[in-house]
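Visitor: What follows is a single structure, and I will ask about it in a moment.
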Amino acid sequence: MSDNRHQNLAVIGHVDHGKSTMVGRLLYETGSVPEHVIEQHKEEAEEKGKGGFEFAYVMDNLAEERERGVTIDIAHQEFTTDEYEFTIVDCPGHRDFVKNMITGASQADNAVLVVAADDGVAPQTREHVFLSRTLGIDELIVAVNKMDVVDYDESKYNEVVSGVKDLFGQVGFNPDDAKFIATSAFEGDNVSDHSDNTPWYDGPTLLEALNGLPVPQPPTDADLRLPIQDVYTISGIGTVPVGRIETGVMNTGDNVSFQPSDVGGEVKTIEMHHEEVPNAEPGDNVGFNVRGIGKDDIRRGDVCGPADDPPSVADTFQAQVVVMQHPSVITAGYTPVFHAHTAQVACTIESIDKKMDPASGETQEENPDFIQSGDAAVVTVRPQKPLSLEPSSEIPELGSFAVRDMGQTIAAGKVLDVDEA
């Protein structure tokens, strides 16, 4: 058993390439799903004419998702290997779920990219790799999945590997840093055991590759940053903000400040899993009570930090963005909604400072008139109402964002510099 070394793992890739099945298979192979649950899912899947979906059913707990055969919200599932305890951040694959992907991937240490052998690099494969790169995921394990569908053909595998390597080159991922694995999540090939169906494949199994990931360094030595997800009023306690600690440590007795609401006080109690704890660390989901703070004083999107070094509030900020899809062009004055940690704020792009080569990061053009899909750029942004952000070089967890408009994610980016209000 691992000594509780923990990894948050994103599972990314195009819709229907087998992400949910892969997650179900990982849970199944590591003994994280009781046998009777799998049997029950099997019966249910067969009744609905979706035989073979039983592993994916493990993931899709919501009835609505089951009916549609689509994974919706980010599902946190856990499994243990020889080296690590993994929490899977199952990243949905459908178009309108990219926002979930961004909030999910930003919580992930590493990612498994699932690419179907019969389909290769698809639009969302491209997009998810782009996002992972922008959001600071360094290690990608690539599962070339559905090998059973292509009769375990080595040439198909090689074709997909070379397509993915080309894609990595375009977004500045080093292809040599990625591990490629020939898998069938459905049949279980090369997930936990080496498969006889792929005698030509001599690389690691998926579980071996996961065990070989580098140890994430929890950002405990950074300043406390805790984006607020919700604020509750609990009788007998009072106002209880809830959120996940991104960096630093929260102790009872700490003096904290909430920004941009600009209120603060002393932490009286901290609760985790309905038990009171003296302190909490990065990755912990906590509810806490602060002396003198009322329900209307703070809101979702506020960030809690130390009173003597409160979270930054941006008057303007400079950011590096990658435009993923926009029907026309983006010019100065454009005001979409920025999603950063738990905040959603309309922000105006005041200026496009330079256009860059997405792969090398070199400047291609100073002060261009516009940017469009596929472009990377540095822009200056003015939030329409106060927004707490940090430069991603200092606190990466509070330095990435998604840009949404017209019901879709049009860009993702990271904060380079904050000009404080």
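Residue numbering: from 1, along the chain as shown.
Placed from the backbone N, Cα and C atoms, the Cβ positions cover glycine too.
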Visitor: Among 133-136, 145-148, 173-176, 289-292, indicate the range for which Swiss-Prot gives the feature region 'G4'.
Guide: 145-148
Visitor: Which range, 90-93, 214-217, 350-353, 354-357, does Swiss-Prot list as region 'G3'?
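Guide: Based on what Swiss-Prot states, region 'G3' spans 90-93.
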Visitor: Select from 13-20, 29-36, 189-196 the stretch of residues annotated by Swiss-Prot as region 'G1'.
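Guide: Of 13-20, 29-36, 189-196, Swiss-Prot gives region 'G1' for 13-20.
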Visitor: Given 69-73, 104-108, 199-203, which one carries Swiss-Prot's region 'G2' label?
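Guide: Of the candidate stretches, Swiss-Prot labels 69-73 as region 'G2'.
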Visitor: Which residue counts does DSSP yield for the region 'G4' (145-148) in the helix, strand and coil classes, in that order?
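Guide: Per-class counts: 0 helix, 1 strand, 3 coil.
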Visitor: Same chain only, please: residues at least 6 beyond the ends of the region 'G4' (145-148) with a C-beta under 8 Å from a C-beta of the stretch. Say none if there are none.
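Guide: That would be 17-18, 22, 114-119, 156-157, 182-187, 189, 197-198.
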